[in-house]
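Trainee: I'd like to ask you about the structure that follows.
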Amino acid sequence: MTDDVHRPSPGALQSLIYTPRSPQSEQPSLEVLDQLLLPNKKAYIPVKTTQDAWKVIRDMNVRGAPLIAIVAVLSLAVEMSAKSNVQGKDGFASLQTAAAWLQKAVVYLKTSRPTAVNLFTAMDEVLLLSQATTKKHDAVGACVQNAAPLVSAVVRFAEQMLKEDVESNQAIGDHGAAAILANLLPGQGVKVLTHCNTGSLATAGYGTALGVIRSLHKEGRLARVFCTETRPYNQGARLTAFELVQDQLPGTLITDSMVSFLMATQGLDAIVVGADRIAANGDTANKIGTYQLAVTAKHHGVAFYVAAPFTSFDLSLASGDQIEIEERPARELTQVQGIQVAPQEIAVWNPGFDVTPASLITGIITEKGVIHPFPSAGATDAKPRVPTQETGEDRRKSNGTVGHGRRMTFDIPGFLNGEGAHQIPSSLPDAAAPTPSMELDSANLPSPSSGYKALSEENVALFLEKHVRDVWDLLGARTGAEVEISEVGDGNLNLVFIVRGPKNTVVVKQALPYVRCVGESWPLTLDRAFYEAAALQEEGRHTPRLVPEVYYSNRALALIVMQFVPPPHIILRKALIRGDVLSTLAADLSDFMARNLFFTSSFHHSGPSKREAVAFWSGNHGLCALTEAVVFTEPYCPEVAHNRWTSPALDETVAQLRQDQALKVAVGKLKAKFMDSTEALCHGDLHTGSVMVKEGSTVVIDPEFAFYGPMGFECGALLANFWLNYFSQAGRASDGGGRHEYAEWVLDTSVAIWQEFCAKFLALWADAATHQGEGFKRVAYAKPEELRAAQEAFVQDLLRDTLGFAGCKMIRRIIGIAHVEDFESIPDPQVRAACEKRALSMARTLVVHGGEYASMEAVAALARKA
């Protein structure tokens, strides 16, 4: 760092002057601008000790969350440098005494202001730095008689933090300007409002929210910036207005109470504010008055942005309800420059901050980009959120709520995990830079805000006890010894733990970063767990008795904690192999498909909300790509080594399929439809292995493949597995010649599922209370015969798609990578191959000639003849 980096030139506006060590000066120095004297006087206060820093922070000579943290860290660097050159009790006798002093100083500085998280984050990082430095030197000697390694590390950390703050602010400014301009006409000037002060006086330079405004001006697009006076401390009038005049920006000062009238009469394009602390769900604490700005912005349809660096995020807080709000002295409200302006006897409430709910925030602008919200699922803040139906008029009336009462929220941990959360710069100390793992306990336990780490039977209970107290209380356990854990995952993609407590049992499911049966050579996205939790919540809104409840989810850890489906429930595939007759199965599965497909389609969605939902679910493209490969491509490619089949009995059949031009063309068309059609939210992997049953009860699980796709894929995937089981029954030896009667029940059940599905879907379509969307809009089909014709055409097209996709699924389960237990459990390979040949014959017919079948009864007849 050069000597003049943080020394202002004449007339320049700088929140602090920091002079680093140089040949001319053995120790750094720090001065801060006394912002209480602005705009009438510019004077700098020397900060030589942490006591000096505490006082200028507490008395608000310096303010702004980023600047408070920087001043605190720089004061540590300055005082430690001074103490390292002093002998005796006022100096550092060793590295260990310096570390002990540093720990006390950090605790002391944290007491200066309670709300801004930047200060606490920076202090915690300094402590981690101290621990890493002392640990490194403890390994080579019991006591280091020189504090220089720690002092040097702290100084480097402080100077790097100062440098990065300016760079981050400039990135925030550019990202924010781009986000605002993206919603305006080319060349249109921007009218923007800001609150309090978030510019060079609140940071090391450039600013956060005011940095966005500076970037708009740099682009030549800033028409006018309005700044509120920001009572009671008048940071807007004293500081922001001062910065606008200094930088010659087109600014106008207004009182806080004028904002609503300004929006109504002159209009605004955006409001941009800063943040002192942002919770994991996007709730934001900022200067008092911010909340009411957000409320009036929502009413007037004005975009409301929060601009803040990663250091302002506090992932330990699920929501803004947990943010501590500082209350300031009464005199700040009753006096102006020492003159009493209110009766001394009046009671005063003077919170320094308020919390703006995430539902009122358009976007959070960070140095890595803009975090956009999406509608909540109406459960706890820890759960992921999913778009749902809402018309433009509904959005204005709901004041932040979305269709079916859900509100906007943010997935802050997911964004930070994807972009890389703030960490101590690796270029800092010669000691090893601390990482999140240094904060873990002796069990090396993952934490909700850490990066991905797989859980194990040894630490699942401890994770729940430490980080998911609601679930821990649900289990009813006092200690880990009272909890029984077993890992039961038998699939290829996840770890699944059954956690049994004295009162209740839950399932903990964690995604693996690869396909288990292949290994790490086949990586998978971990985000699928986030989408699985979101899908369970969406399905739970439409069919609550047919899916497990989600208690908790964590995107960074790819983790879901959900309701346990108790015995005697078993996987449907095993029940069909065993020969169970289930009286409500067809009714339950048809209900699940009809309601979920209908309510997530354009039959119920408005155009904008449907596109919003499609955009959200398109994020699960990793598992869509897996389906595209293993269902539609790889079974037809001889070079794919992990394909397998019952060989040699099926060798000739497989070769014929791979040379079947008509089949491959039809499969290609179905793959295109899978990729291009976005009719409804599909479970994505609905088959007899993703359903749990007992007599009178059905529960659908594992929607991690959820995506917006063709309805026929959903229907076809399920029916294909019934038909695979139907053909496998001939290989069962229980009655010497297979279980013909039970096979007929399976086939009849598949027909019943389709028929009941169609009846329920069409009933929802016919009902004006549920058919509210753009699809086949009711006004265009007012006559009964018109509606009937539309429904008949829709069902016939859906039947064609269903049969085609079912055929693809059947083929892939016999000659692809993953097979089904229905066939695999037949021990005699010749008997098994005979069953599989019949299934393949039917599958080819469904793919190539599916459009020729007018009813599911005709398809059942095909199965019997195969």
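Each Cβ is built from the backbone N, Cα and C atoms, and glycine gets one as well.
Keep in mind that TrEMBL annotations are predicted by a computer and have not been checked by a curator.
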Trainee: Ranges 21-45, 421-445, 521-545, 821-845: which does TrEMBL label region 'Disordered'?
Mentor: 421-445
Trainee: Summarise the model confidence on the domain 'Aminoglycoside phosphotransferase' (485-742) as a single mean pLDDT, whole number.
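Mentor: Value for the domain 'Aminoglycoside phosphotransferase' (485-742), mean pLDDT as a whole number: 92.
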Trainee: Give me the CA-CA distance between Cys196 (site 'Transition state stabilizer') and Asp276 (active site, proton donor), in Å, as a whole number.
Mentor: 12
Trainee: Hey, what's the Cβ neighbour count for Asp276 (active site, proton donor) at 10 Å?
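Mentor: Asp276 (active site, proton donor) is surrounded by 31 other Cβ atoms within 10 Å.
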